[in-house]
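**Student:** Next up is a structure, given as structure tokens.
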Amino acid sequence: MAEEHACLVRARSDSEGSSKHSFGTMTYTEDRLSGTEGGGEPGNTSHTATSPPDHAADANESGELLDYNDSSVLEQFHEDALRQAGCGLSQVRILWAVGLAVAGASLELAAIPFVLPSAEIELCILPHEKNWLVMISLVGGSIGAVGWGALAERLGRRRTLVSCLAVNAVFAAIAAFMPTYGTFMMARFCSATGSGGVVPAGYSYAGEVVCRARRRAGLCALPAAAAVGTLLAALMAAAVLPQTGPSTLKENKEHFSAWHRYLLLCTIPILASLVSLIWTPESPRYLLEVGREVDAMMVYQSLHSNNQFRICGKTWCVLPHRASTPTSRSLALPGKRRPPALHHVRHSVKMFWQSFFQLFSSAYRNTTLALGGVLLFTMAIQYYLSSYIPATVVKMENDLFLASKRTIENTTYTDIHYNTTLENVVYYNVTFQKCTMRDMLMSHVAFKNCSFSNVALSNIKTSFTTFEGCLFVNSTIIDTDMEVGRELDAWCRLVGTTVRGMSGACARHADLAWRLAGLTAEHTYAAHAMLLAALLAMLPLTLRPTLALCIACVLLSPLVYISQSETALYVVEAAYRLLITIIFYTVGLNVIDSYPHNLRCTAHGLLVSVTYMGGACVRGAGEAGALPSAALCALAAAAAAASATRAPRTIDVTQAVR
């Protein structure tokens with residue numbers, strides 16, 4: 001078996017009729033890559049240099065090598081090299097690292113609803129400020145997507161991914177220690193700015209190390225990773241966070257409460273991705289584009305060597321859809337003239353700004369608008385449902401909570417000791433004599449026209465508790481959050497009564513009637529739908545066209561109005577998540593196949609940025625009723641279907657090869 005070589009051939013001289021300085025030519029023969037017998041064995045000899053073949057596509061009329069600027073030649077060379085290198089452990093390592101990054105980004109966004117109830121109590125978040133925690137993450141992700149996407153064209157896919165993950169990890173950890181609402185929001189914004197670059201850089205990075213025939217199956221790991229991140233958010237919340245309002249109020253007395261620890265745990269996939277990227281190479285397609293041919297050839301060789309495995313002492317290599325017999329065809333790398341450093345800097349700055357305008361040139365305008373429309377309108381449905389369905393479920397739970405309210409009236413209690421939670425009850429014209437209320441929580445309790453005689457109230461936390469027109473005689477109210485004029489209204493009379501409470505920094509009390517079980521169920525349904533979507537995405541494109549998926553979203557919209565139970569709403573949202581995840585994956589695949597190497601990260605970043613910004617606008621608009629929500633979902637899905645009719649048609653290479 002012959003050993004593999006990256007052969008550097010002496011560049012042509014100017015006397016041969018070439019006016020350009022060529023870096024040289026590299027050949028990568030299939031007989032050296034296919035792992036035939038004798039490769040790497042002692043005593044086996046092979047040539048260290050091989051002359052490039054005379055292909056018509058590689059030379060002009062004067063016999064000069066094509067200039068490196070011919071992107072189609074580089075793309076073909078890259079695909080041929082990936083086919084020869086095979087698909088195996090090398091790609092698994094890269095997909096694992098990128099998958100961890102995608103899981104971390106998904107986990108960070110899915111974790112926000114779980115920490116909101118605890119953060120609302122500790123940081124004294126007002127009702128209109130709660131939604132801003134989600135919106136600020138979407139705005140930060142929008143800025144990060146467009147910024148990191150453009151930088152990925154200049155810095156490289158892997159380096160950009162490492163940079164944005166580092167920013168994400170640092171500020172996500174800082175956010176876990178922030179003591180105020182403003183600083184917490186700023187840290188979350190910076191963290192989201194980092195996570196916004198994961199999708200544009202990660203999809204291109206993973207797509208450029210998997211050959212076209214295997215790309216569809218390989219990239220299915222990324223939506224599966226997003227599903228795992230969503231599921232992890234629910235599982236860790238169930239394991240770490242308090243599940244009810246009263247337990248959250250008690251747990252928040254600790255210096256470092258559970259939701260801070262939960263945010264720290266959410267950084268684990270991000271850190272794991274950073275560690276995994278240590279053992280992954282840069283995208284060879286990027287290296288070819290920037291003129292680092294030797295580095296690119298070393299990456300191809302590394303991919304090939306890591307994809308080999310030994311059976312009975314022989315070395316084999318996994319090659320997609322190729323015969324096991326070696327061939328003599330070699331791959332010739334076109335030459336490139338290295339520009340001066342100053343020219344390279346000027347060119348990079350110029351291309352950084354012009355890349356955005358190139359997306360709307362005549363060659364790519366239709367593709368950009370079509371893919372952007374599909375992604376924007378479908379993801380708008382997802383972001384709206386992620387706000388509408390929890391709000392609807394909370395309203396349903398509140399209605400049941402109010403319906404179960406107990407009323408106690410015209411009763412006298414004497415020498416009763418209360419030390420457990422008192423919840424959802426109304427006392428009307430009740431007399432308390434020589435009673436003790438200590439170390440307890442009162443939630444949604446109303447005392448109307450009640451009398452308290454020789455009653456001791458101490459160490460009490462309240463939530464939506466009122467004393468209306470009550471009489472206190474020789475009683476004490478010590479170490480509570482009850483204040484005259486707030487919990488004790490103006491018609492309360494205090495006779496020989498002492499009120500010594502601590503005035504808290506927060507002027508409002510959080511509602512403690514919530515449960516995390518609903519959020520956990522919602523995210524679990526969504527995660528399972530995304531996992532199923534990752535499996536369905538492996539089907540041929542003809543079986544899951546984007547237009548058909550958008551039409552299916554239109555047909556689902558009446559269910560938003562019909563569903564009247566909590567479980568039914570979660571199932572409808574999961575069905576939408578299934579379709580939208582496949583659409584999101586398909587758009588990412590189309591971006592890789594439709595745009596040249598120097599535009600695909602910028603294009604993907606711009607599309608994701610517009611999507612995040614649209615999601616922030618949808619979240620900020622608030623929720624409507626069932627009928628308007630169903631109509632809104634139908635209109636958005638119809639707009640996505642209209643955009644899908646103009647989307648580029650991606651050829652299923654796997655089917656073509658077969």
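Yeah, the Cβs are placed from backbone N, Cα and C, and that goes for glycine too.
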**Student:** With TrEMBL as the source, identify the stretch among 367-385, 424-442, 633-651 annotated transmembrane segment.
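**Tutor:** Among 367-385, 424-442, 633-651, the range TrEMBL annotates as transmembrane segment is 367-385.
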**Student:** Quick one: which of 132-151, 512-531 does TrEMBL have down as transmembrane segment?
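**Tutor:** It is 132-151 that TrEMBL annotates as transmembrane segment.
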**Student:** Determine whether the transmembrane segment (574-592) and the transmembrane segment (185-206) share at least three Cβ pairs under 8 Å, counting only pairs 6 or more apart in sequence.
**Tutor:** yes
**Student:** With CB pairs under 8 Å as the measure, which of the listed stretches 94-112, 132-151, 160-179, 185-206, 261-279 comes out on top against the transmembrane segment (218-241)?
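**Tutor:** Most Cβ pairs under 8 Å with the transmembrane segment (218-241) come from 94-112.
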**Student:** Mean pLDDT for the domain 'Major facilitator superfamily (MFS) profile' (94-651), as a whole number?
**Tutor:** 87
